[in-house]
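Report on the following structure.
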């Protein structure tokens, strides 16, 4: 079944496919691989493609999309393409140039969705992660409401069809929602979300504000050594997920993805393996029972794989609050 028929309506009237393809890969993976796997994903039925300035793959991902348009597989309007504003570009005058740069790299006229990648502003400049002589990350202090106003201007200019945020907590979302003169609400909040960190309170809050929660690391992350504790439990080896996979004759990954869809969460499936990319679109072919869902709900242990210790002292560190 083609996943493009399964969409959620955003608060600005646009539609987002509920299954997305995540394109991030650790630096040791050759960039050319992003081109190859994004093409495979589109061939398999993915229509929602998630990238970012941080991923350093927008040229390859854009080329993959354009090549599938050129060969007649899809039209541009069939594809929902997301990019993200990196933390070194939060100052309002840097927002539009950053988006224009992303569009230039992807060679696309617009993005379907542009997100503030993180609430934690960093010192502007070429470095993705600017550090001082002691190796400490250099923060910047920016009023994110001014960043948001610059995002709104990008939507008005037609450079982004929709705008949203990522890695925001409730307080940070409320700051935007309560901003005097708010023109557009964020359509979504893209956060780490999986059975070990199910974000149920944040999900309920987002639903109450007509903001879609989008899950990244829905399969428990790629366990990139730079971010993830190698001793943390491996989500897809969880006995409950494995038992449900056996029961439904599916993979544990499909159980984890289906869980999110049934909670009303848009889910990103990241894989650089052809067989698993094809498997992941089977998420629409089966259903979990209420008991299955309850069993998966019970796995929550408030475990975030992305261990941002170097950012814990940032005034906008999102995990300082309960949710």
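Placement of Cβ uses the backbone N, Cα and C atoms for every residue, glycine included.
So that you can see what the record holds, here are the features copied from Swiss-Prot:
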| type | residues | note |
| --- | --- | --- |
| BINDING | 23-24, 50, 166-167, 190, 216-222, 270-272, 276-280 | NADP(+) binding site |
| SITE | 54 | site 'Important for substrate specificity' |
| ACT_SITE | 55 | active site, proton donor |
| SITE | 84 | site 'Lowers pKa of active site Tyr' |
| BINDING | 117 | substrate binding site |
| SITE | 227 | site 'Involved in ligand recognition and product release' |
| SITE | 306 | site 'Involved in ligand recognition and product release' |
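This view paints the features noted in Swiss-Prot onto the structure.
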{"residue": "23", "record": "NADP(+) binding site", "Cβ neighbours (10 Å)": "25"}
{"residue": "54", "record": "site 'Important for substrate specificity'", "Cβ neighbours (10 Å)": "18"}
{"residue": "84", "record": "site 'Lowers pKa of active site Tyr'", "Cβ neighbours (10 Å)": "27"}
{"residue": "117", "record": "substrate binding site", "Cβ neighbours (10 Å)": "21"}
{"residue": "166", "record": "NADP(+) binding site", "Cβ neighbours (10 Å)": "22"}
{"residue": "216", "record": "NADP(+) binding site", "Cβ neighbours (10 Å)": "22"}
{"residue": "219", "record": "NADP(+) binding site", "Cβ neighbours (10 Å)": "24"}
{"residue": "272", "record": "NADP(+) binding site", "Cβ neighbours (10 Å)": "19"}
{"residue": "278", "record": "NADP(+) binding site", "Cβ neighbours (10 Å)": "15"}
{"residue": "306", "record": "site 'Involved in ligand recognition and product release'", "Cβ neighbours (10 Å)": "15"}
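In sequence order, 23, 24, 25, 34 make up the list of same-chain residues 6 or more apart from residue 55 (active site, proton donor) whose Cβ falls under 8 Å from its Cβ.
In this structure, the CA atom of residue 306 (site 'Involved in ligand recognition and product release') is 26 Å away from the CA atom of residue 278 (NADP(+) binding site). Note on proximity: of the recorded positions 54, 84, 117, the one nearest residue 166 (NADP(+) binding site) is 117, by Cα distance. Among the binding-site residues 117, 216, 272, 278, the ones whose Cα sits within 10 Å of the Cα of residue 84 (site 'Lowers pKa of active site Tyr') are 117, in sequence order.
Within 10 Å of residue 54 (site 'Important for substrate specificity'), as judged by C-alpha distances, the binding-site residues found are 117; the full candidate list was 117, 216, 219, 272, 278.
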